[in-house]
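Note sheet for the following structure.
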Amino acid sequence: SQHIHNFLNDTWHARYQSQLDESLLTLIWSVIASVFTLGGLIGTFVGGHAAAKFGRKQVLLVNNVVAILAALFMGIAQPARLYELLIVGRFLIGLNAGVGICVQPLYLGEIAPKKIRGLATVGINVFLTGGILTGQVIGLREILGRKNTWSLLLASCAIPALLQLIALPFFPESPRYLLIDRKDEYQCQKALKTFYGSTHYQMEMDDIQKESQALNGEKPKKILELFFDRTIKWQLISVIIVNMGQQLCGINAIYFYAEYVFRKCGIPEHNIPYVTLGTGVCECITALTCGLLIDKAGRRFLIIGGYTMMAFWCILMTVTLTFQV
């Protein structure tokens, strides 16, 4: 973040021949950091509708193009001396993340065999936190976290996008989408044979056909319609509260403003990147542990236990920061 602050100051001085005010610097940096979540919010809305209309695979392929565009904008922002490109790039990569976190679990859940479907869904969180940790590692000053390489660090999001763009065309579309949404039984069978082989696909085919018959042509509900459906009231409340609690615990503040937080805690400047790396390691270990325990301990126990620990540490941090000298 310090390198980006210097870039903002230098760009402003070259453009207006004046010093960038501290409050305005903070505002621009906050926009660069937080516009990611705005893109993510829009991405979750767009991703769900697009996946139902165009298919999971097609949406993921287009989503990789968005990530590459974001990498291009963020990569050329420094040499072009345009901090506005950072804002656009961060918005696009947020959009990419929002679509991805919505459509990828859907695609993986629909192509995974029933016996490992839960594990595949949990595995997404393990790889998600692993990706965050990888980003923190290559962001160290010994690798790409230097004055002349931070733009390459931001542009490195193009690498996984390119890998998926190359590999995903060899995978078939979701069989569930092909049969239930497209009513294409032949393509559904073809996709299932690719995943399970020509002799073991029938059981999965029967499950999808039963689901299709149970839906009986019922269209997916719109968001507002969910709030007026009494049959799913408590499920909807649970989902909203759990996800709100996850965001209100302060995880975004740790990700986006780690330098400010740790500096205020008295950690030396040169040690902050390594402390931030420690938070990524903790999150990765937690996701892995949760994945291993979920079938034994149960979902409810892990959710209640996790939120109890979050509440305890938030209270402890509030007390210690209040009495900090």
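Any Cβ shown, glycine's included, is placed from N, Cα and C.
What TrEMBL says about a protein is an automatic prediction, not a curated fact.
The domain 'Major facilitator superfamily (MFS) profile' annotation in TrEMBL covers 1-325.
Taken from TrEMBL, the feature transmembrane segment applies to 27-47 (among others). Panel annotation: around the transmembrane segment (27-47), residues 1, 4-5, 8, 20, 59, 63, 83, 86-87, 90-103, 252, 256-257 of the same chain, lying at least six beyond its termini, place a Cβ under 8 Å from a Cβ of the stretch.
Residues or ranges marked as transmembrane segment in TrEMBL: 59-77 (among others). Long-range contacts of the transmembrane segment (59-77) within the same chain, counting only residues at least 6 positions beyond its ends with a Cβ under 8 Å from a Cβ of the stretch, are 7, 47, 50-51, 83-86, 88-93, 95-96, 99-100, 103-104, 107, 151-152, 154-158, 160-162, 164-165, 168-169.
Using a Cβ-Cβ cut-off under 8 Å and counting only residues 6 or more beyond its ends in the same chain, the transmembrane segment (83-107) has close neighbours at 4, 7-8, 11, 28, 31-33, 35-48, 50-51, 56-57, 59-60, 63-64, 66-67, 69-74, 76-77, 121, 124, 128, 154, 157, 161, 174. Here TrEMBL flags 83-107 (among others) as transmembrane segment.
Annotation comment: TrEMBL describes 119-138 (among others) as transmembrane segment. Away from its own ends, the transmembrane segment (119-138) comes close to residues 101, 104-105, 108-109, 112, 144-145, 153, 156, 160, 255, 273, 276-277, 280-281, 283-284, 286-288, 290-291, 294 of its chain (Cβ-Cβ under 8 Å, at least six residues beyond either end).
Taken from TrEMBL, the feature transmembrane segment applies to 150-171 (among others).
When Cβ-Cβ distances below 8 Å are used as the criterion, the transmembrane segment (236-257) is approached by residues 33-34, 36-37, 132, 226-227, 229, 279, 303, 307, 310, 314 of the same chain, each at least six residues removed from its ends. The transmembrane segment annotation in TrEMBL covers 236-257 (among others).
The transmembrane segment feature in TrEMBL is assigned to 272-294 (among others).
Within its own chain, the transmembrane segment (301-323) is flanked in space by residues 242, 245, 249-250, 290, 293-294, which lie at least six positions past its ends and keep a Cβ under 8 Å from the stretch. As annotated by TrEMBL, transmembrane segment applies to 301-323 (among others).
Residues 118-119, 122-123, 125-126, 128-130, 132-133, 136-137, 139-141, 145, 254, 258-259, 262-263, 302, 306 of the same chain sit 6 or more residues outside the transmembrane segment (272-294) yet have a Cβ under 8 Å from a Cβ within it.
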